[in-house]
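Over in Swiss-Prot, the protein carries these features:
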COMPBIAS  18-37  compositional bias 'Low complexity'
COMPBIAS  56-75  compositional bias 'Acidic residues'
COMPBIAS  76-94  compositional bias 'Basic and acidic residues'
DISULFID  102-117  disulfide bond
REGION    18-94  region 'Disordered'
């Protein structure tokens, strides 16, 4: 296959007016009597299969519950707890005070107030992160 044959094949495949031919359907003999017997067999088989998974479902549910219990026993992220302690510490008290005042102003003003407390929130988070970082590194070492 040459270079131009490959290019031509790509162009033929990409053109929207390319001819697409489907495969012919498989020839199946139409028999009425065996078809009714096979449907009876399949309904009996499906009923048996439907009852079997019902017995397996409680086992699967029990396994899922055990996995959920194992997930609950996982270690709590120390970063979250350290940041919470720092937010409530003396070091971040001014930032927390400003954020709490802003939150009270915004919630008390209702829908007319266009102020938000994003800046105060970021100051509080920054303070908590800066406070918690050295403590976190010490616990991870």
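Please read every residue number as a count from 1 along the shown chain.
Any Cβ shown, glycine's included, is placed from N, Cα and C.
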(message) Under a three-state reading of DSSP, tell me whether residue 117 (disulfide bond) is helix, strand or coil.
(response) coil
(message) Per DSSP, what is the helix/strand/coil residue tally across the compositional bias 'Basic and acidic residues' (76-94)?
(response) 12 helix, 0 strand, 7 coil
(request) Measure the Cβ-based neighbour count of residue 102 (disulfide bond), defined as the other Cβ atoms within 10 Å of its Cβ. (result) 17
(request) Would you mind checking how many other C-beta atoms are within 10 angstroms of the C-beta on residue 117 (disulfide bond)? (result) 19
